[in-house]
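Here the structure comes first, spelled out in structure tokens, and everything after it is commentary.
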């Protein structure tokens, strides 16, 4: 059975991710404590189900400590992947402000009977408390930062991640702009800001690293080709180590100043090379479609 566990910070898009799994034919359960996941898996396996999606988060905080052991036990018999959704505190505060929903940790105090007593924990404090409590889970999961991501874009990303379950590891190349921040979900980060910048050519400025004139410009620069080759060699050298570690995903982030030209070109070039090695995805954060 393929089991995908969705966890992460409240307000970061877990419901969206679980809905994508459900639309893809997964048997989905929201807010299931970790200790019940093995029992549910055994039952569904006996019934002939092949795909299970489970969301578990701070609402089941008493059992979260059991999740790593649960994942290891399930992985002995099933294909298990953990996706951890996160977002910046500013983005989360904005979302809570728009929806007017209460954060789980601001709604009650630990150990309160009858559903808990309301307290005065500020929203930002609740978010940071949750981030601290969940940090051990994030370390062992595939992280997705949804801070600047629209709902439709997140849906597309999740669809891509679950599209092909025949590969042991999905390799994701992500371009980004340093002026918008480094992706928190990256496993490797490469800085290509020292390369010649098409931005300073007025004819190339409105284009992207996927457009032929920009590609021709960058491919004509020996420095660009040399750096792309060095990054390729590094990733290829260490990729077997990540596969041996039973990783489901590896995110390689390529950053330039604005995330429009150089990083996009390098990410596309690397993806084209590594597609021969298995399941490869490309994400251009700053070129994400509207909607």
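Glycine is no exception: its Cβ is also placed from the backbone N, Cα and C atoms.
Going by Swiss-Prot, these are the annotated features:
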BINDING   8, 9, 10, 11, 12, 13, 14, 15  ATP binding site
BINDING   57, 58, 59, 60  GTP binding site
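Location within the structure of each feature annotated in Swiss-Prot.
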{"residue": "10", "record": "ATP binding site", "contacts (Cβ under 8 Å, 6+ apart)": "57, 58, 92, 103, 104, 127, 130"}
{"residue": "11", "record": "ATP binding site", "contacts (Cβ under 8 Å, 6+ apart)": "87, 92, 95, 96, 101, 103, 127"}
{"residue": "12", "record": "ATP binding site", "contacts (Cβ under 8 Å, 6+ apart)": "85, 86, 87, 92, 146"}
{"residue": "13", "record": "ATP binding site", "contacts (Cβ under 8 Å, 6+ apart)": "85, 87, 144, 146, 149, 151, 154"}
{"residue": "14", "record": "ATP binding site", "contacts (Cβ under 8 Å, 6+ apart)": "6, 7, 8, 55, 57, 85"}
{"residue": "15", "record": "ATP binding site", "contacts (Cβ under 8 Å, 6+ apart)": "30, 55"}
{"residue": "59", "record": "GTP binding site", "contacts (Cβ under 8 Å, 6+ apart)": "31, 104"}
{"residue": "60", "record": "GTP binding site", "contacts (Cβ under 8 Å, 6+ apart)": "31, 32, 33, 34"}
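In the three-state DSSP reading, residue 8 (ATP binding site) counts as strand.
Note: the GTP site is recorded as 57, 58, 59, 60; in the same chain, 10, 31, 56, 61, 64, 104 also have Cβ atoms within 8 Å of that site's Cβ centroid. Residue 59 (GTP binding site) falls within a helical segment according to DSSP.
Each of 57, 85, 86, 87, 146 belongs to the same chain as 8, 9, 10, 11, 12, 13, 14, 15, is absent from that list, and has a C-beta within 8 angstroms of the C-beta centroid marking the ATP site. Residue environment of residue 57 (GTP binding site) contains 21 other Cβ atoms, counted within 10 Å of its Cβ in all protein chains. Taking each Cβ in turn and tallying the other Cβ atoms within 10 Å, the top scorer among the binding-site residues 9, 58 is 9. In the structure as shown, the Cβ atom of residue 8 (ATP binding site) sits within 10 Å of 29 other Cβ atoms. Residue 15 (ATP binding site) carries a helical DSSP state (H, G or I).
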